[in-house]
């Protein structure tokens, strides 16, 4: 897939990515607040001597820590991506910003964008193309080295 298409897809998924960030934060908070099996042993549990160096409690903590690590990695990656997109959008002029927001974030058609901005719908399409080309170099820095 070329950089233009990748960038266009990122912009079209912008709102979804922001929602994923919010949901990842909620998921992480839920896990951090739910260390349920971590407590003292009840009298009903059988306790037998073993040579194992871990317990159910330790295993649960380890599994949750691994899950938290994965979720935090995913969260931070998405946050960095949104920051890159936001920084790239800040480089655009006002018309380019409006066209990108209306087309990619709000899903409006070029005809609707043209009516709102009082420009020709073909020009709106051209503005989007130029804006995406500006964004490419800022979002895919290391890939383009």
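The backbone N, Cα and C atoms fix where each Cβ goes, and this holds for glycine too.
Nobody curates TrEMBL annotations by hand; they come from automatic prediction.
Feature annotations, courtesy of TrEMBL:
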type   : residues : note
COILED : 7-74     : coiled coil
DOMAIN : 84-120   : domain 'RNA polymerase sigma factor 70 region 4 type 2'
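With a threshold of 8 Å between CB atoms, the same-chain residues lying at least 6 positions outside the domain 'RNA polymerase sigma factor 70 region 4 type 2' (84-120) that come near it are 8, 10-12, 14-15, 127-128, 130-132, 134-135, 138-139.
As a summary of secondary structure, the domain 'RNA polymerase sigma factor 70 region 4 type 2' (84-120) carries 28 helix, 0 strand, 9 coil according to DSSP.
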